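Participant: Here's a structure for you.
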Amino acid sequence: MSTEVRIKRITTRDIRARKGAEPLVVLTAYTAPIARLLDPICDILLVGDSLGMVVYGMETTLAVTLEMMINHGAAVVRSSSRACVVVDMPFGSYQESKEQAFRNCARVMAETGCAAVKLEGGRELAETIRFLTDRGIPVMAHIGLKPQAVHAAGGFRAQGRIESEAEAIRADARAITEAGAFSVVVEGTVEPVAQALSAEIAIPTIGIGASAACDGQVLVIDDLVGLFDDFTPKFVKRYADLRPIITKAAEDYAAEVKARTFPGPEHCFGVAKK
């Protein structure tokens, strides 16, 4: 008889039940090695469309394709066994109609095996979120600063500084909650607003540049370990700097190759003795 203990994967229902409890730990993951490292630590692994910038070198997330998200999402699901895996829906894949959103979200879930999808938007997406959740697709919403709408918003800036803007964000939070989202990312939103809506709505809020009062926090893993330094948002805390470590390893390798000291005998195959 096998004594192997099967690890239970965290579900969207588990995430929703964490409202007001121990804060949720969320990080992005795009590749198999990172997913394996983060899986025991994180409640949610978010396959973010930020991969367009940190993996593919794009200037924004707007050119990320559905195929990219599916490929990376599948790798993260295959390489994790505990965390709830959520995949971002890229720009243009869900805004046209409820039917388009369902078709593409269903494809992402079927081809990746993820637990849920994430959509950016508030009141304008409430009908779509309801359409999806009624048909068995769990949705994580995303309000406040929405990177996919950065051009329409006039660039990256903190949201909610004026009362009309703050009330719009609170209205978005109420709308996506009523539509059936199981959680919501609150990005780049002034702390009093993020704190107030976290207390008001019944689903977990996951902050990024919002407030410690949110029900969880998310960061981009490449920001956290210093691998992405094209720019560093105010809300990023760098917990490690791997760039000099990787650079030093590559420099040492290059020096040994040029000196013909690598590969050494221990790294080569010899002829079998007769």
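Placement of Cβ uses the backbone N, Cα and C atoms for every residue, glycine included.
Take a look at what Swiss-Prot says about it:
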BINDING   ASP49, ASP88, GLU120  Mg(2+) binding site
BINDING   ASP49, SER50, ASP88, LYS118  3-methyl-2-oxobutanoate binding site
ACT_SITE  GLU187  active site, proton acceptor
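Each of these features: where is it, how hidden is it, and who are its neighbours?
Facilitator: Within the same chain, residues at least six positions away from ASP49 (Mg(2+) binding site) with a Cβ under 8 Å of its Cβ are THR61, VAL64, MET69, ASP88, MET89, PRO90, PHE91, PRO147, GLN148.
Non-local contacts of GLU187 (active site, proton acceptor) by the CB criterion (under 8 A, 6+ apart in sequence, same chain) comprise HIS142, ILE143, GLY144, LEU145, LYS146, PRO147, GLN159, GLY207, ILE208, GLY209, ALA210.
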Participant: Report the residues of the chain - excluding ASP49, SER50, ASP88, LYS118 - with C-beta within 8 Å of the mean position of the site's C-beta atoms, for the recorded 3-methyl-2-oxobutanoate site, in sequence order.
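Facilitator: Not counting the recorded site residues, we get THR28, LEU46, VAL47, GLY48, LEU51, THR61, VAL64, MET69, VAL87, MET89, PRO90.
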Participant: Between GLU120 (Mg(2+) binding site) and SER50 (3-methyl-2-oxobutanoate binding site), find the distance joining the two CA atoms and give it rounded to the nearest Å.
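Facilitator: So the Cα of SER50 (3-methyl-2-oxobutanoate binding site) lies 13 Å away from that of GLU120 (Mg(2+) binding site).
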Participant: Measuring CB to CB from LYS118 (3-methyl-2-oxobutanoate binding site), give everything in the same chain under 8 Å that is also at least six residues away in sequence.
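Facilitator: When sequence neighbours closer than 6 are ignored, LYS118 (3-methyl-2-oxobutanoate binding site) has LEU46, GLY48, VAL86, VAL87, ASP88, MET89, VAL139, MET140, ALA141, HIS142, VAL185 within Cβ distance under 8 Å.
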Participant: Could you tally the C-beta atoms, other than its own, that fall within 10 angstroms of the C-beta of SER50 (3-methyl-2-oxobutanoate binding site)?
Facilitator: 22
Participant: If you count other CB atoms within 10 A of each CB, which of ASP88, GLU120 wins among these binding-site residues?
Facilitator: ASP88
